[in-house]
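Here the structure comes first, spelled out in structure tokens, and everything after it is commentary.
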Amino acid sequence: MKKIVILGGGVNGLSSAVKIAEHFHRQDVQVTLISEDVSPNTTGDVSAGYWTPFLVEGTSDEKITKWSKSSYDFFHQLWLNGLAEECGISMIPTYRLTSDPEGEEAPLWKDVVFGFTKLNSDETARLSREHNQTYTEGFHYITFCCEPTKFLPYLMKRFLAAGGRFIKQKINNIDEVSEFDLIVNCTGLGSKEVTNDMKCFAIRGQVARIKAPWIYCIFNHTDDDGNYIIPNTNDVILGGTHQVNDYSLEISKADSAFIFNGCKKIIPSIENAEVIKEMVGLRPGRKEIRLETELRRRNAPIIHNVGHGGSGVTLCWGCSDDVLQLTIELFKKAKL
Ligand SMILES: Cc1cc2nc3c(=O)[nH]c(=O)nc-3n(C[C@H](O)[C@H](O)[C@H](O)COP(=O)(O)OP(=O)(O)OC[C@H]3O[C@@H](n4cnc5c(N)ncnc54)[C@H](O)[C@@H]3O)c2cc1C
């Protein structure tokens with residue numbers, strides 16, 4: 001029997017675990033997931049699960065478009081097929097706005113989403129007046145939110161149903177799992193310690209969750225000091241910060257002021273909303289997403305799937321397509 005271990009039970013580890021366990025179900029392959037923590041204590045649990053590529057500039061647009069398309073299509077299928085409530089998936093209109101004097105080129109992924117349109121100058125001017133901003137350009141399209149607090153338990157259920165087994169444990173070094181034939185590394189920021197990957201760094205993000213059931217639309221101001229408002233099914237997320245190499249998990253009063261003041265400029269009625277909680281998470285930043293096989297002499301090969309920055313939910317399903325592909329290739333080449 002071949003033994004595969006996936007390290008990390010966040011959105012990327014669980015997506016990879018589901019793909020591998022379902023592919024090898026009822027074959028002579030044992031699939032194990034080992035993770036220090038799972039939902040609601042992963043990075044994804046802080047996020048709104050908004051489908052949009054963000055903070056992954058070092059990875060090619062072609063890869064981002066391919067991976068994000070696979071996730072978009074997957075969320076759409078779950079949404080169509082009666083799993084929206086269980087997985088926390090909603091289809092939402094979004095405004096993407098910039099005040100950059102040079103505007104913004106339409107992203108390569110524009111053909112992935114439904115109804116991508118550039119706003120005309122009248123509409124950009126109206127939103128500038130409403131938000132007290134000087135937007136130079138904007139786009140409108142339909143996207144999905146896939147809420148990790150619901151999506152991760154769904155993935156875990158699917159993984160266990162496909163015969164996978166789960167062990168809650170911290171791994172300090174990759175060699176602690178040397179009894180396995182293949183290691184899939186999805187430890188996010190933990191990869192810094194587990195595989196000594198010095199290209200990983202934290203991108204701190206602070207957000208607030210409020211009760212505002214009258215908001216059904218995403219506003220995403222994409223400039224460096226921009227705010228965003230993202231509805232989830234039970235609350236609305238106000239954001240947000242992205243502080244590179246900042247490892248503080250404390251709520252910062254300055255960040256709270258930036259978030260609330262900025263979001264109230266976009267939708268003044270936020271003033272009346274009850275604040276449910278404020279949260280901080282550390283996005284797993286990396287110069288480039290690492291999705292590749294590392295062959296090691298005398299040791300089990302490792303497939304790395306880490307460094308998804310602010311897009312882990314957006315890219316999870318597409319990246320796990322590639323993880324499965326790399327796994328199948330290793331089996332074919334008898335490297336296992
Ligand atoms: C404020 C904020 C907002 C965000 N908003 C969005 C958004 O709207 N859309 C989007 O797509 N993305 C968003 N993100 C980014 C997204 O949350 C991350 O990219 C994603 O969660 C990364 O998933 P992951 O599985 O790679 O890593 P993680 O979620 O960090 O999971 C890593 C897993 O590995 C385990 N682990 C780590 N080290 C070890 C170890 N030594 N031994 C055993 N287990 C270990 C951890 O316990 C965890 O289970 C946001 C992030 C933040 C912080």
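Counting starts with 1 at the first residue shown.
Placement of Cβ uses the backbone N, Cα and C atoms for every residue, glycine included.
Per TrEMBL, FAD binding site is recorded for Thr187, Gly309, Gly310, Ser311, Gly312, Val313, Thr314. Annotation source TrEMBL lists D-serine binding site at Tyr228, Arg283. What TrEMBL lists as D-dopa binding site is Gly310. Per TrEMBL, the feature domain 'FAD dependent oxidoreductase' maps to 3-321.
Annotated features, which come from TrEMBL, shown on the structure.
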{"residue": "Thr187", "record": "FAD binding site", "Cβ neighbours (10 Å)": "30"}
{"residue": "Tyr228", "record": "D-serine binding site", "Cβ neighbours (10 Å)": "25"}
{"residue": "Arg283", "record": "D-serine binding site", "Cβ neighbours (10 Å)": "28"}
{"residue": "Gly309", "record": "FAD binding site", "Cβ neighbours (10 Å)": "23"}
{"residue": "Gly310", "record": "FAD binding site", "Cβ neighbours (10 Å)": "20"}
{"residue": "Ser311", "record": "FAD binding site", "Cβ neighbours (10 Å)": "24"}
{"residue": "Gly312", "record": "FAD binding site", "Cβ neighbours (10 Å)": "30"}
{"residue": "Val313", "record": "FAD binding site", "Cβ neighbours (10 Å)": "30"}
{"residue": "Thr314", "record": "FAD binding site", "Cβ neighbours (10 Å)": "30"}
Mean of pLDDT values spanning the domain 'FAD dependent oxidoreductase' (3-321): 96
Alpha-carbon spacing, Tyr228 (D-serine binding site) to Thr187 (FAD binding site), which is rounded to whole Å: 27
Pairwise CA distance, Thr187 (FAD binding site) versus Arg283 (D-serine binding site), rounded so that it is a whole Å: 12
Recorded FAD site residues Thr187, Gly309, Gly310, Ser311, Gly312, Val313, Thr314, farthest C-alpha pair in Å: 17
